[in-house]
Amino acid sequence: MASSLLILCLVLVSLASSALCAAPRRPVDVPFGRNYIPTWAFDHIKYFNGGSEIQLHLDKYTGTGFQTKGSYLFGHFSMNIKMVPGDSAGTVTAFCLSSQNAEHDEIDFEFLGNRTGQPYILQTNVFTGGKGDREQRIYLWFDPTKAYHRYSVLWNMYQIVFLVDNIPIRVFKNLKELGVKFPFNQPMKVYNSLWNADDWATRGGLEKTDWSKAPFVAEYKGFHVDGCEASVNSRFCATQGKRWWDQTEFRDLDSFQWRRLKWVRQKFTIYNYCTDRTRYPQLPPECRRNRDI
């Protein structure tokens, strides 16, 4: 009996360890000024609690944004965001990584506003070598205007994982053997912004921004950056292969994470470029390998 209980305990510990091992490290929340600087329209950024929380304001004159001080090759980046409440049609709240040249790499979270009572749409995209057109859109399973939620990117040599409250919503694998470009040698800064995009953001541009509701306000906190900092000209990370996100358990999702991703895919996906045969009669190679992600 004792030996059976011991075996059961060992199995449970093993299962718990395997379920936890692939979860990104817990983000470290820091004040805005630790990692970030304003990018434009400085007077449209409001600071609270010693810079631990900020607001971005959008009016008919301008939006605003901020970026990291450094550029990074691989890492874990997250932001706690509370979206613009009420009638947010035409607005875009963005959290993304991007390099700085014509053939740039980019990893995007874009939150598309909507009319009061209609759900936000989260659009993700990946650019490699200046080419994007890899849009996926989902509804969120909560109201992102009521409370802060954490949006994260885990980026290593093997995959890019988009996470919402630590739940994977998308994976972009390194499939260089198929000729698919992958972001691996262009340092990227992290950018956050609130701006008007009523020419496309809501119902393809049919719903315009109602400026009588301005200013539109998005709230940010957390400001977590755990990446390998590189100069803009550097094409490699000095500690490549040695950071926690490079280890074996982060080269793929574990079984629990795959189930959560499948749940998002089945319940909340409203557009996936991999299933758009009108747009892509010949599926992109990454879609032929991984149509479910």
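One-based numbering along the chain as shown.
Just so you know, glycine gets a Cβ as well, placed from its N, Cα and C.
Some features that Swiss-Prot has for this protein:
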ACT_SITE  E106  active site, nucleophile
ACT_SITE  E110  active site, proton donor
BINDING   E110, Q123, T124, N125, D133, R134, E135, D199, W200, G204, R279  xyloglucan binding site
DISULFID  C228-C237  disulfide bond
DISULFID  C274-C287  disulfide bond
DOMAIN    23-220  domain 'GH16'
CARBOHYD  N114  N-linked glycosylation site
SIGNAL    1-21  signal peptide
SITE      D108  site 'Important for catalytic activity'
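Structural mapping of features recorded in Swiss-Prot.
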residue	record	DSSP (3 states)
E106	active site, nucleophile	strand
N114	N-linked glycosylation site	coil
T124	xyloglucan binding site	strand
D133	xyloglucan binding site	coil
W200	xyloglucan binding site	coil
C228	disulfide bond	strand
C237	disulfide bond	coil
C274	disulfide bond	helix
R279	xyloglucan binding site	coil
- R279 (xyloglucan binding site) to C287 (disulfide bond): how many Å between their Cα atoms? 13
- E135 (xyloglucan binding site): which of the recorded positions N114, C274, C287 is the nearest Cα neighbour? C274
- Count the other Cβ atoms sitting within 10 Å of the Cβ of E135 (xyloglucan binding site), across every protein chain shown. 16
- Near the residue listed as 'active site, nucleophile', how many other Cβ atoms are within 10 Å of its Cβ? 19
- Message: For each of D108, D133, count the other CB atoms within 10 A of its CB; which of these recorded positions has the top count?
- Response: D108
- Query: E110 (active site, proton donor): which of the recorded positions T124, D133, C237, C287 have a C-alpha within 10 angstroms of it?
  - Reply: T124
- Alpha-carbon distance [N114 (N-linked glycosylation site); W200 (xyloglucan binding site)] in Å: 12
- Note on the structure: recorded positions N114, D133, C287 vs E106 (active site, nucleophile), shortest C-alpha separation belongs to D133
- Task: By CA-CA distance, flag whichever of D108, N114, C237 among the recorded positions is nearest to C274 (disulfide bond).
- Result: D108
- Of the recorded positions N114, T124, D133, C287, which sits closest to C237 (disulfide bond) by Cα distance? T124
